[in-house]
Amino acid sequence: MSAPSVPNKPQHSRRDTALIHGLSTSEVQALSEACIEAKGRAYCPYSKFRVGASLLLTSGQIIRGANVENAAYPVGTCAERTALGTAVVEGARRGDIRALAVATDISPPASPCGMCRQYIREFCEPSMPVLMYDKDGKSTVLTLEQLLPMSFGPESLPMH
Ligand code: THU
């Protein structure tokens with residue numbers, strides 16, 4: 001019997017990279033559509049920099065968020081934190097979030113800001129994939145651990 005042929009091309013497309021993180025093609029599709037749609041709801045009259053975010057919960061529910069700015073600039077909130085706050089109000093807690101996606105109008109894609117990385121860390125596993133979509137809908141995927149190595153989280157506190 002002959003040995004199975006081994007293709008010499010890479011076997012994973014960009015979309016399959018997300019499959020490595022345990023997401024199906026349809027889950028990735030739902031996340032990407034939701035964050036790109038949410039980007040259209042951004043309130044960003046000052047920066048004019050639209051950001052949309054989406055979360056996939058273990059229940060299968062998709063939660064959206066967008067950046068919401070304020071005339072007092074520092075009061076504005078990022079899309080990722082808007083989405084996470086909504087998820088918490090919907091009843092999500094640590095361990096209930098399988099993936100986060102974020103979309104902007106730039107290329108290469110934007111990644112969550114430092115404050116958002118820490119905010120995400122409160123509710124998400126370090127292994128959780130973060131999908132980042134550029135202006136053309138192309139994505140880059142990194143884990144939260146890659147974005148925030150050696151992170152400080154709830155379990156670091158003695159009271160945990
Ligand atoms: N912004 C986000 O929504 N998420 C990020 O991770 C980076 C920045 C928003 C904040 C502000 O409304 C605009 O993008 C420009 O900084």
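Any Cβ shown, glycine's included, is placed from N, Cα and C.
TrEMBL: automatically predicted annotations, no manual curation.
Copied from TrEMBL, the annotated features are:
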{"type": "ACT_SITE", "residues": "Glu80", "note": "active site, proton donor"}
{"type": "BINDING", "residues": "Asn67, Val68, Glu69, Asn70, Ala71, Ala72, Tyr73", "note": "substrate binding site"}
{"type": "BINDING", "residues": "Cys78, Cys113, Cys116", "note": "Zn(2+) binding site"}
{"type": "DOMAIN", "residues": "26-155", "note": "domain 'CMP/dCMP-type deaminase'"}
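Using a 10 Å Cα-Cα cut-off from Glu80 (active site, proton donor), the binding-site residues that qualify among Asn67, Glu69, Asn70, Cys116 are Asn67, Cys116. In the three-state DSSP scheme, Asn70 (substrate binding site) falls into the coil class. Taking the C-alpha positions, the distance from Cys113 (Zn(2+) binding site) to Val68 (substrate binding site) comes to 15 Å. Apart from Asn67, Val68, Glu69, Asn70, Ala71, Ala72, Tyr73, the residues listed for substrate, the same chain places the Cβ atoms of Tyr43, Tyr46, Pro74, Val75, Gly76, Thr77 within 8 Å of the centroid of those Cβ atoms. Taking the recorded positions Glu69, Glu80 in turn, the residue surrounded by the fewest other Cβ atoms inside 10 Å of its Cβ turns out to be Glu69. When Cβ atoms from all protein chains are considered, those within 10 Å of Cys116 (Zn(2+) binding site) total 25, not counting its own. Residues from the binding-site residues list (Glu69, Asn70, Ala71, Ala72, Tyr73, Cys78) with a C-beta closer than 6 Å to any atom of ligand 1: Glu69, Cys78.
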